[in-house]
Amino acid sequence: MRGQAAAPGPIWILAPLLLLLLLLGRWARAASGADIGPGTEQCTTLVQGKFFGYFSAAAVFPANASRCSWTLRNPDPRRYTLYMKVAKAPAPCSGPGRVRTYQFDSFLESTRTYLGVESFDEVLRLCDPSAPLAFLQASKQFLQMQRQQPPQDGDLGPQGSGDDFSVEYLVVGNRNPSHAACQMLCRWLDACLAGSRSSHPCGIMQTPCACLGGEAGDTASSPLVPRGDVCLRDGVAGGPENCLTSLTQDRGGHGSAGGWKLWSLWGECTRDCGGGLQTRTRTCSPTLGVEGRGCEGVLEEGRLCNRKACGPTGRTSSRSQSLRSTDARRREEFGDELQQFGFPSPQTGDPAAEEWSPWSVCSSTCGEGWQTRTRFCVSSSYSTQCSGPLREQRLCNNSAVCPVHGAWDEWSPWSLCSSTCGRGFRDRTRTCRPPQFGGNPCEGPEKQTKFCNIALCPGRAVDGNWNEWSSWSTCSASCSQGRQQRTRECNGPSYGGAECQGHWVETRDCFLQQCPVDGKWQAWASWGSCSVTCGGGSQRRERVCSGPFFGGAACQGPQDEYRQCGAQRCPEPHEICDEDNFGAVVWKETPAGEVAAVRCPRNATGLILRRCELDEEGIAFWEPPTYIRCVSIDYRNIQMMTREHLAKAQRGLPGEGVSEVIQTLLEISQDGTSYSGDLLSTIDVLRNMTEIFRRAYYSPTPGDVQNFVQIISNLLAEENRDKWEEAQLMGPNAKELFRLVEDFVDVIGFRMKDLRDAYQVTDNLVLSIHKLPASGATDISFPMKGWRATGDWAKVPEDRVTVSKSVFSTGLAEADDSSVFVVGTVLYRNLGSFLALQRNTTVLNSKVISVTVKPPPRSLLTPLEIEFAHMYNGTTNQTCILWDETDGPSSSAPPQLGPWSWRGCRTVPLDALRTRCLCDRLSTFAILAQLSADATMDKVTVPSVTLIVGCGVSSLTLLMLVIIYVSVWRYIRSERSVILINFCLSIISSNALILIGQTQTRNKVVCTLVAAFLHFFFLSSFCWVLTEAWQSYMAVTGRLRSRLVRKRFLCLGWGLPALVVAISVGFTKAKGYSTMNYCWLSLEGGLLYAFVGPAAAVVLVNMVIGILVFNKLVSKDGITDKKLKERAGASLWSSCVVLPLLALTWMSAVLAVTDRRSALFQILFAVFDSLEGFVIVMVHCILRREVQDAVKCRVVDRQEEGNGDSGGSFQNGHAQLMTDFEKDVDLACRSVLNKDIAACRTATITGTFKRPSLPEEEKMKLAKGPPPTFNSLPANVSKLHLHGSPRYPGGPLPDFPNHSLTLKKDKAPKSSFIGDGDIFKKLDSELSRAQEKALDTSYVILPTATATLRPKPKEEPKYSINIDQMPQTRLIHLSMAPDASFPTRSPPAREPPGGAPPEVPPVQPPPPPPPPPPPQQPIPPPPSLEPAPPSLGDTGEPSAHPGPSSGAGTKNENVATLSVSSLERRKSRYAELDFEKIMHTRKRHQDMFQDLNRKLQHAAEKEKEVPGVDNKPEKQQTPNKRAWESLRKPHGTPAWVKKELEPLPPSPLELRSVEWEKAGATIPLVGQDIIDLQTEV
């Protein structure tokens, strides 16, 4: 039994030792040849073909290097698994770089991409010292640890203690792993699980080995039998954790409750050479609860050591010691074996054996224990071997009770993985049995955690991401400028993720030091000024040596040199240009033939040049200065920026910021150029841009192309004409423009991707680029079908180009299939006028067209067809010319053509306005024409004869109409006439602006103003037609109020068009007002609707109003007044005729202005415009009755003025203050009264004052009352005329001795004159008889105001007449009896509204007069009485008392020349007057006069309180009194009027005057009110 137990010992020892030595040998070889990987740096390590190894971080990742890596390659991921053990540093990481660990499948060197990357940073946690050991398991092709770059470049600094860690790696086969590899892997697993917890799970997920207590178990004897890759425990399959028994035992003997303790360390080798033996032991801990139960297995094991041979002289003596074993069975269990084999007991008599050692101390201080003793066998070469055991054991009893320590129960099964896919966690737990009898508690973890990785997550796309950049490489140049590079790797995408975006390499400039530079001469400077200006001298120039630098050699040669100068003769005084101050610059004296130069202004760089020349007589004179070398600061900056970008493009650097430069140049060029040098600078910038576009590092964008073309268009603007002419004088600079455009077409056609067709339309050129294959080419026409130009001038192109498809044939079949052609066509709008070919006899008579084909064809089998439209009228000998710089001067060609040539083109005239050119070369083409000897160059923009005739005829007819209306204005003044005058003015202004706009197309400011005003006057003409219709409608409906309506008419006629134009200009900022071809609204952008919309609205509203007026005219209850109906019909007919004709006129005007070349539109406009003028004159002048009557009256007035019949002969100059109406009627009536009063019939005078209509209430009153007996006459017919009339039937009135007028003063505000004498009784009776007789000669002269005679209350007892308030122009004819003998002093009568005959109530005979009042002291009459207020017709006549001061006897009128027929003629003017218009509204003026009355009452009360009224002077005239009020002379109180202070009872027949008829009232009548009198309905 002892031999059997000892036999397996050498096998168990030698096999692992041999495998371990083999691994150590491979490890040593790997360490010597570690740097065999593909890395490009020394700190890159690739390990492959090795199964075990070790390295430290200090060796693999040195402190002075970054981006170092260590890579372990798996021989075959399907057969092997990589394991790694990392011993972390005790301190946290402190170095600048972080070490990352990950596995990957492969690495693509071309894109620096890692495929299948999986990081282990979460598993290892190298910078976390809380877990000293970390383990991981990798199953992919490569396992790599890489040190990342620190955040900033520079010195990495010393490596901290926390950055030093050590790594062991192991490659284990998945099937049949070696025993030694399993031993090491099981120990790693034991340590991994022992140190695992929730925050640090174990990184070893599974092993192919059967692990048991940290060792590789024997599959034959172990109860844990591995089958394949699983271990069985109690017949249940599990993972590698089932192969472990105890993970908490330590070498100190504190472990589980029973079983073997851990092995001790290996002892010293028994021999120094020749092969020795090392041993180690372990102790057995008895199982709890099983008394006397031992452990199975050996207590001690050994291994060979120091097997190297000993020296020849060395004698070795050895102590042999065999492996011993013990049996854990009890003594009773041995039975007969003790007798058969013998129980270990002391042996004596063996000479070779030493004595037994003393028994050891009992192994247990409590309970049953063991004691051992040993002995050694000392043998020699001549002695025999020892017999018997060398070690003995015996039981020792102890009566003390042993403490029972806490014991762990079995581990629970591992939990499920925390994640269904990807990396997760698993854990298991165990419980501790509590200790007894003072035993120790359980030691070790209660829970273990490890990683689990069931399967990769499907369908979750992982995008690729870049790793950090590597450090910059060393500079490529040891001095001066060099380059550095750095790279980065991409962690490739997974499951369809996106690739890494960006570059994996970066380059930067580096500079280590300056290289030595030898000195180098710069170019010679320009020669200095000559020492003398003439007669021979010298001039000097010098050069500068640049360098040397950084130790280079100096320049060789002279620094300056001299030459002779000034050999010409000195000029005479007349050959020298004097000093001149021109253009704010002082030009010094300069000889003829030389050029003076001064600096450009502050906003530019360069020089201003001015040449001094000799005239034909040999006298020196200054030529105009040229600014060809002056370049503005902005253009100079753009030019320098472009040159910098070109330099970068030539070095192969990518172009950044080129688009911004083009955009900046576009913005600057839109503001115009200041100097001719700006043009050349811009061309230079565009040429450099073309070279940049040609480079492969920059591809032009569509925005760049558009900006490029727009810049060229800005250069060709009309504002730059003078600068182009100046540039042409210095040289043929136009050829640079042609070359620039040709190169641009070439570059764009072949550099832009996906370019098919491109059209660029600007204000001054059109660019068309076509890219097409040669195999499928067709004829190209310019413009192509479906042309949609945005510019007005190019919308209807007048010039055409046809390129035959035969041009694109190369003649080679192979080349035709792959050839691509680019065709560029450029139409220059006004370049021809810039090319300095205008002479006295020749001119470029077309636009300029350029045709380019790239690559250029060998020849043109079919010539180009180009059709040109002529630009000038009156030209002959149209000749096709082309731009050809290679064509030399020809004797047959005109010398002034310059680079233009007529060779290669054939001219085919089409018509008077078009010419076709057939050319066999590709170039730039135009038409050269000969001016007629008697013709001047007539630009199409000059107004044509048709427009001039149409506008002139219309304007003249309308102007004649205005003159007629002005001449008879006082007869026809009305709203309708005002509207017509404004309407005519708007049409006349529109015609003038049309002609002006045709000549100002080149002046942008004037053209914009013309377009805006033309827009305004066109709309105003429509609005005035609408105003006329509105006025007619208001008159028909009876809502016409003169002052208010006239203001609205003006707002509609002028205000509405002004508002529309102001809004349009404000919103568009005047863009669209005027174009390059005409001064009118642009057809683009919708601005034209600002005219069409309002005009259409006016037409629609006018139609609606016309329908309403027509409905009113034809209805039964419509207009009753015949004359008003006739006028309404005339106005409606005028609108129906004029409005359509006006719309047609302006439509044809817009077409004629926008399309100048269409003769049809111009003829239509001329016809419509002329017809419009005639129709307006016909409708509003010839066929209008009012105008006819007004003209007749005007002629009669002229005749009467020639005969002396004027109103200027009135008394006291009153005619100068009266209106025309008052003059005529007053003169007529006074003539009739003075000549024969019977001849003045009622029909003659009342017809003049007849109103066309009365309010309904007044009509009812008149219908109910008795027939009227009062008739109206003008208010200014003086009573003096009746007083002295020889045919007045009354005759002189007798004087009544008993009549008197009593001045009553009572509480009333004003005094009243009371008539109570016989004269007033006589007046009452005569008044009654006059009503009964109703003779034709009875009449009443009333003021033109609308006074009303109303019936008085019956209870009033007296007839009170207020003499003070009696209007001075009121006269009542009482009787025609021949026996009447009282004077013509009449009481006032009241007038019904509107001057109609009043309704007179019956007059009752007055009661007997009351007894006379007591006598009083007579009060002297005041020096003057307040004059009566002048009514509308009362112009202020003198007092009714004739006297020397009245002027009645001093001035006589000759009225015999005025007949009744003259009055009949004059009455027609005023037949339609409505005197109700004087006040507009009765209510308004009643309120106004009530206010005035209150003021007068207040003034009267103050006057009554102040004593000495008789001595007070007359009050000063108030400001609101009219001028004619000052002409009223004061009059005294009549002699037959008595003043009484006591109050008298009112008379029942008292006639009360209206408030505004009182003496103190003042009618606020202004000039506008007087005009309202003349208003027509």
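A Cβ is built for glycine as well, from the same backbone N, Cα and C atoms used for every other residue.
What Swiss-Prot annotates here:
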SIGNAL    1-33  signal peptide
DISULFID  CYS284-CYS295  disulfide bond
DISULFID  CYS377-CYS386  disulfide bond
DISULFID  CYS417-CYS452  disulfide bond
DISULFID  CYS421-CYS457  disulfide bond
DISULFID  CYS432-CYS442  disulfide bond
DISULFID  CYS475-CYS510  disulfide bond
DISULFID  CYS479-CYS515  disulfide bond
DISULFID  CYS530-CYS565  disulfide bond
DISULFID  CYS534-CYS570  disulfide bond
DISULFID  CYS545-CYS555  disulfide bond
MOD_RES   THR605  phosphothreonine
DOMAIN    756-935  domain 'GAIN-B'
CARBOHYD  ASN877  N-linked glycosylation site
DISULFID  CYS880-CYS917  disulfide bond
DISULFID  CYS905-CYS919  disulfide bond
REGION    1359-1577  region 'Involved in interaction with MAGI1'
REGION    1574-1577  region 'Indispensable for interaction with MAGI1'
Check each residue in the chain of ASN877 (N-linked glycosylation site) that is at least six apart in sequence and keep those whose C-beta is under 8 Å from its C-beta; list them in sequence order.
ALA929, GLN930
ASN877 (N-linked glycosylation site) - helix vs strand vs coil (DSSP):
strand
Using the alpha carbons only, what distance in Å do you get between CYS479 (disulfide bond) and CYS905 (disulfide bond) once rounded?
63
Does CYS475 (disulfide bond) have same-chain partners at least 6 apart in sequence with Cβ under 8 Å from its own Cβ, and which are they?
GLY482, ARG483, GLN484, CYS510, PHE511, LEU512
Applying a 10 Å Cβ distance cut-off over all chains shown, what neighbour count does CYS417 (disulfide bond) have?
18
From recorded positions CYS386, CYS442, CYS457, THR605, the one whose Cα lies nearest CYS417 (disulfide bond):
CYS457
Winner by Cβ contact number (other Cβ atoms within 10 Å) across the disulfide-bonded residues CYS442, CYS510, CYS530, CYS545:
CYS442
Which number gives the other C-beta atoms within 10 angstroms of the C-beta of CYS917 (disulfide bond), all protein chains shown included?
26
Based on Cβ atoms within 10 Å, give me the single least packed residue among the disulfide-bonded residues CYS386, CYS534, CYS555, CYS565, CYS905.
CYS534
Of all the recorded positions given, CYS284, CYS570, THR605, which residue's CB has the most CB neighbours within 10 A?
CYS284
Looking at the disulfide-bonded residues CYS432, CYS919, which one has the fewest other Cβ atoms within 10 Å of its own Cβ?
CYS432
When the Cα of CYS457 (disulfide bond) is compared with the Cα of each of the disulfide-bonded residues CYS284, CYS534, CYS905, which one is closest?
CYS284
If I take the Cα of CYS442 (disulfide bond) as reference, which of the recorded positions CYS530, CYS534, THR605, CYS905 has the closest Cα?
THR605
How far is it from CYS452 (disulfide bond) to CYS565 (disulfide bond), counting Cα to Cα, in Å?
99
Provide the number of Cβ atoms within 10 Å of the Cβ of CYS479 (disulfide bond), excluding the reference atom itself.
13
Across the region 'Indispensable for interaction with MAGI1' (1574-1577), what is the average pLDDT of the model, as a whole number?
31
DSSP secondary structure for CYS510 (disulfide bond), reduced to helix/strand/coil, please.
strand
Of the disulfide-bonded residues CYS284, CYS377, CYS880, which one has its Cα closest to the Cα of CYS421 (disulfide bond)?
CYS284
Within 10 Å of the Cβ of CYS880 (disulfide bond), how many other Cβ atoms are there?
22
Counting Cβ atoms within 10 Å of each candidate's own Cβ, which of the disulfide-bonded residues CYS377, CYS421, CYS452, CYS457, CYS515 comes out highest?
CYS452
Of the disulfide-bonded residues CYS284, CYS515, CYS565, which one has its Cα closest to the Cα of CYS555 (disulfide bond)?
CYS515
